[in-house]
Amino acid sequence: MRPTEACCYLKISLIILFYMGCYAQKHPNMDIAVILVGTTEEVAIKDVHEKDDFHHLPVTPRVALVTMNESDPKSIITRICDLMSDKKVQGVVFGDDTDQEAIAQILDFISVQTLTPILGIHGGSSMIMADKEEASMFFQFGPSIEQQASVMLNIMEEYDWYIFSIVTTYFPGYQDFENKVRSTIENSFVGWELEEVIHLDMSLDDIDSKIQNQLKKLQSPVILLYCTKEEATYIFEVAHSVGLTGYGFTWIVPSLVAGDTDTVPDEFPTGLISVSYDEWDYDLPARVRDGIAIITTAASTMLSEHNSIPQSKSSCNNIQESRVYEAHMLKRYLINVTFEGRNLSFSEDGYQMHPKLVIILLNQERKWERVGKYKDRSLKMKYYVWPVFDLYPNSEEHKDEHLSIVTLEEAPFVIVEDVDPLSGTCMRNTVPCRKQIRPENRTEEGGNYIKRCCKGFCIDILKKIAKTVKFTYDLYLVTNGKHGKKINGTWNGMIGEVVTKRAYMAVGSLTINEERSEVVDFSVPFIETGISVMVSRSNGTVSPSAFLEPFSADVWVMMFVMLLIVSAVAVFVFEYFSPVGYNRCLADGREPGGPSFTIGKAIWLLWGLVFNNSVPVQNPKGTTSKIMVSVWAFFAVIFLASYTANLAAFMIQEEYVDQVSGLSDKKFQRPNDFSPAFRFGTVPNGSTERNIRNNYLEMHSYMVKFNQRSVQDALLSLKSGKLDAFIYDAAVLNYMAGRDEGCKLVTIGSGKVFATTGYGIAIQKDSGWKRQVDLAILQLFGDGEMEELEALWLTGICHNEKNEVMSSQLDIDNMAGVFYMLAAAMALSLITFIMEHLFFWQLRHCFMGVCSGKPGMVFSISRGIYSCIHGVAIEDRQSALDSPSATMNNTHSNILRLLRTAKNMANLSGVNGSPQSALDFIRRESSVYDISEHRRSFTHSDCKSFQPEENLFSDYISEVERTFGNLQLKDSNVYQDHFHHHRPHSIGSNSSIDGLYDCDNAPFTTQPRSLSKKPLDIGLPSKHPSPQIGDLYGKFSFKSDHYGAPDDLIRSDVSDISTHTVTYGNIEGNAKRRKQYKDSLKKRPASAKSRREFDEIELAYRRRQRSPDHKRYFRDKEGLRDFYLDQFRTKENNPHWEHVDLTHIYAERADDFKHDTSCSNRQHQKHVGEFVQTDRKHGSGGNAWEKNMSNIEWEDRASSNFCRNCPSKMHNYTGQNTNRPACIRCEVCKKAGNLYDISEDNSLQDLEARPIQAPNSKYPQSPNGKAQKRNRSKLHRQHSYDTFVDLQKEDVTLAPRSVSLKDKERFLDGSPYAHMFEMPNETSFTSKSHGPTHNPGGYMLSRSLYPDRVTQNPFIPTFGDDQCLLHGSKPYYFRQPAIGGLKGRADFRGAGKSLSAQHSGPSGHFQKDICIGNQPNACVSNNKNPRSFNNSTNGHVYEKLSSIESDV
């Protein structure tokens, strides 16, 4: 016996003696048999325990040591039964040195039969046994099938072997093994791939060929095998024949296959991995001791709880019921055992819950080597990279297919993370990488390492290169240093790993430089980098002058120069010299006292525009100045927008950033010159430090004390203010700046790079991998995959913002464009200024058709547009337009002529700056005319110049177009139209008509009211202050049945081009049309409404019922007298007939007028223009004021009827009707009834030359009298457009009169409108004449659109319009008691008589017609007959219908 064996045997003897000594004590004893099967040498290798190991337990174990050499089932059963009979054994600890799993089956059978706990601690007794009996009390020191399958999968997961196959025989437990593997991979997050599952039947004949055929299906690199050791020997032999046991294939087997580690079959391949029970750290004496402790501890627990322990078994037969109960109770305690702090519990199947397992590897020496340990569900392997090349002696030829690659953690190129806590492995987008830990007391069995997961920009590149080049790899992290630095001739870091050939490649943020290229090969750079500088933002302050900083001083000065000197002066000059500007109107006297446009106003206007201030400004009127202001407004938009956009960068609290130009900057080269000193550093042992050391030695020596251990430490130092700048690789710094929280870290110059280089892959020198790797990298660039990776990994959230606040002032170069625009606008304005004057003074009249005598281009275009819109046919032949066939029923022809007339009115000379002064055409009318209506005086109709407008008759034309569709072509629908002056601008405006004495008075800013068709009593200022003339307007009773006259029927051939909205019907009874009228007033110009607003008050006052003993006087009598004296005073260059001295009327009117009753019945009317013309014809000696007519003569005149269009007497008139029919016309007028007959003047002149015999009056209230001949002036008819030019060339002595009372300077001499306001030259007043009932000349209306007289003007409004609209103003009359002759009279006839008497002059004779104001029928009739309304009026006032001639 060898000494060692004797020593082990002595130890076991001492243990037995110890337990026997415990038996002698009073504690209850537990008999336990320890059976060891094997040779003497094996049995002798045992250990001895301390005597006091179980001293603390209440049950004392009594151990019996039994050794035997036979391992057959019969010998084992016989030996155990003998021990039970002899020793009363209560428990068995069994160990053997065989690989026979049959021993475990025999022991399981004995435990079921004897209900004795048996523990298999070694050899065959501890091997896997499937399908134990239900009542079995056999426990094994070993892992179960499921536990071993889990460890095998953990090994594969550790080395990322996810593709595998399963090969099993039909040995019991194979289904459990297969099911465990399947359930694990199905419930795992790891991407397992189970390719094949093969079941081999070892009992078949010709098994070799069948196994070969099945094994040939295997293609996976990892194969899991479950079988017995004998079956495995045969399977490996067949697998070797088919090439499945060499390089590239890894077999993993359970402990059942490995068996006894001391015996290794030759068929087992090298590199075989097995899961085995730990025999290195858990030897047989320790197992024996733990076996005894488990049984003793369970019995002690049972004793403490139940005060009993299982009784010993006397034999293997006759099992008592009490024994069964006690056995089951003991098994429950055996499952849960803890001894000396170690968990020795078992599962229900009898396997240890926490077995001590190891992973063993069959190395090249054909010995089992422990390469890993599995404890507490944690696997630790010896090799962080599987030593595949060390296992196969002929594997040099396969080294190119599996590579070991080293890397270095540095985001974003390599990012290291922990494994997934749920699965314990890496996710799919990561790659397993291992970091080795080298402890000081490292054992021979190998070092420790930590499994991590790597991802990042370089890892993705590595995966794509490996897929392209087709190689596998194991990745690990470098431990000795960083990128690599040569220290004392030895390289460390990743370069050192490649140089020492521990790694084939180095992948990461490895900079290519010359020194490294001498020892390793670099691939082409996959990213460009260099040296960059990172700084931290620091808060700043806002400057007090920040609001001026958006523009430089030059821009501010230039803007004010352009504003004050250039633009404002230019606008002022253009406006001053503009023909339609403010100052030109002042210079021409067209707007005395009106506004002026000064240079101060120009500056204020431009200042308000450039700063967008809502201030009251005065806009220019000239076209050139408007263009200049418009361009300035565009300049202001650009200027203000640029200022506002750039202001935000200066008004915010700016963040200060240190600016450096490069490594040569003085902040780096002379950092101590600054206060405080500039602090900067880098990470040592890198290419950045090497570059600085080689090129800037002083800089390197200064920065050493500020160097940082890592990039993360440097970032913290920057944020905390310990470091002012950090110098490092540009790619890394750009990534860190983009991912920085708060974006406080920035790289200077938005990532400016110095000493540009790149990152590459380091490869072993002359290994042959460089070309393949270069081609793979270039392919990534070509496919665009490299750009995708850069966008994925190298872009941060802060990259979307500006890294620095780089605000700069806008200089002249930035704003030059807008100043160029102003200069171009100045040049364009000069050209426009010249063209404006050229057109205004030279070309304007030609465009309007004055030069050619034909319709101008503007009119032609307007007519064409109107024709296209309204479908009106245009007559091409001029004769067709002017022929008599174009009668009143020809609507289209009349429309065309109306448009031509409107065009002619718009093109009148004297409008819009005509060189002919308007003062030359002021018409002086009678004083009676001016007395009746101050505000309608021709001489003083406006105190301020008329402001020309673009379309003078726009309101008239729009009124015609608006009312055309509602006109009826029936003579029964007759009316008399009203003429309104052109609308003034606004009440109180600079262009409004001022009063006779005060231009600011409201009545003189309004339009006159028509007084036609109603006899009015005229109140003149009395010579004596006590008596007063009654209210002229208040004498009317508008609803009286006696309101009428022979001329009462309204003529239907007169046109209305007024500013009134024309309707017809009862105002009160027709609410709908009244509402339409009100709505139209809302759309009227403000000027058209304002006149009516004032007239409504005045007319309401005048319509108020008055007593007959009241009369009116004008307030300023003396001023009125002086006005008329000056009006009729002869002036230079004016004919005598325009100045008639009427002062004798006022001087002699008192008593003669008052007591003369011969004129009380005067009813005929005489226009002022008639006796003025008569006065010119007969001279001063035959003044019309001195002639009188008797009552008989007046009655004779009244008994005759006259043509409605001319002064011809109708001899066949019966005189039965009180109202003269509107259809009565003489033969000559019927012949000349063509509206546009150009020869009608000749026929009318002949007609005027014939004497007229008035028949006896048939009026019921008028006495018969003789007719008196009347001296008549020549009748001037207005002409159609065709003769317009010819008439202009004639020397017409009569001064023209504008259609609008306000626009006096519209017409030149010879204009077709020269006779518009001229009354027929009737016979002057005679001393014996009585008021005739009718004056045919006073109410003549022309069918021409260019009438001869005011009563023939189709555009003059009638009094009926004012009846409906009731406009007025406050009265300007005094009331005083009427003269005695008017007492008791409520109507206006008495007032008319008194008024006539006062006007009769010294001789007591009166004029036939007393004319009042500028009214369409301006003569007051003294007709006694009551005037009645139309039979259909029912006493109501009717609004008129608009018309364009009677046939429209």
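Each residue, glycine too, has its Cβ placed from N, Cα and C.
As annotated by Swiss-Prot, signal peptide applies to 1-24, with the evidence given as sequence analysis.
Neighbour count (other Cβ atoms within 10 Å of the Cβ, all protein chains): 18 for Cys81 (disulfide bond). The disulfide bond annotation in Swiss-Prot covers Cys81-Cys316 (among others) and is backed by experimental evidence.
Take the CB of Cys426 (disulfide bond) and look out to 10 A: across all protein chains shown you find 23 other CB atoms. The feature disulfide bond is assigned by Swiss-Prot to Cys426-Cys453 (among others), with experimental evidence given as support.
Annotation note: Cys454 (disulfide bond) sits in a strand segment as assigned by DSSP. Taking a C-beta cut-off of under 8 Å and a sequence gap of six or more, Cys454 (disulfide bond) has these contacts in its own chain: Thr407, Glu409, Val414, Ile415, Val416, Glu417, Thr430, Val431, Pro432, Cys433, Leu475, Leu477. Under the heading disulfide bond, Swiss-Prot lists Cys433-Cys454 (among others), citing experimental evidence as support.
Swiss-Prot lists 555-573 (among others) with the feature transmembrane segment, giving experimental evidence as the kind of evidence. Residues 548, 597-599, 602-603, 605-607, 610, 620, 625, 628-629, 632, 635, 639, 810-812, 814-815, 819, 822, 826, 829 of the same chain lie 6 or more positions beyond the ends of the transmembrane segment (555-573) yet place their CB under 8 Å from a CB of it.
Summarised as a single figure, the pLDDT of the topological domain 'Cytoplasmic' (574-600) averages 67. Taken from Swiss-Prot, the feature topological domain 'Cytoplasmic' applies to 574-600 (among others), supported by experimental evidence.
If you look up Swiss-Prot, you'll see 601-620 marked as intramembrane segment.
Distant neighbours of the topological domain 'Cytoplasmic' (621-627): 571-572, 574-575, 578-582, 597, 825, 828-830, 832-833, 836; these residues of the same chain sit at least 6 beyond its ends, with a Cβ under 8 Å from one of its Cβ atoms. Annotation source Swiss-Prot lists topological domain 'Cytoplasmic' at 621-627 (among others), citing experimental evidence.
Among the features that Swiss-Prot reports, transmembrane segment is placed at 628-643 (among others). Non-local neighbours of the transmembrane segment (628-643) in the same chain are 550-551, 559, 562, 567, 570-571, 574, 605-606, 609-612, 619-620, 810, 814-815, 818, 821-822, 825-826, 828-829; each lies 6+ residues outside the stretch with a CB under 8 Å from one of its CB atoms.
If you look up Swiss-Prot, you'll see Cys743-Cys798 (among others) marked as disulfide bond. The secondary structure of Cys798 (disulfide bond), as reduced to three states from DSSP, is helical. Under a cutoff of 8 A between CB atoms, and with a sequence separation of 6+ in the same chain, the neighbours of Cys798 (disulfide bond) are Ala737, Gly738, Arg739, Asp740, Cys743.
The feature transmembrane segment is assigned by Swiss-Prot to 820-839 (among others), with similarity to another entry given as support.
The topological domain 'Cytoplasmic' feature in Swiss-Prot is assigned to 840-1448 (among others).
Under the heading compositional bias 'Polar residues', Swiss-Prot lists 1254-1265.
Summarising the annotation, Swiss-Prot assigns compositional bias 'Basic residues' to 1267-1277.
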Other C-beta atoms that fall within 10 angstroms of the C-beta of Cys433 (disulfide bond): 25
Neighbourhood of Cys316 (disulfide bond), C-beta criterion under 8 angstroms, separation at least six: Cys81, Met84, Ile110, Gln113, Thr114
Three-class DSSP secondary structure - Cys81 (disulfide bond): helix
Mapped DSSP class for Cys433 (disulfide bond), helix or strand or coil: strand
Within the topological domain 'Cytoplasmic' (621-627), residues counted as helix, strand or coil by DSSP: 5 helix, 0 strand, 2 coil
DSSP three-state assignment for Cys316 (disulfide bond): coil
For Cys453 (disulfide bond): intrachain residues, at least 6 apart, with Cβ closer than 8 Å: Val416, Glu417, Asp418, Val419, Asp420, Cys426, Met427, Thr430, Val431, Pro432, Cys433
Where Cys743 (disulfide bond) falls in three-state DSSP terms: coil
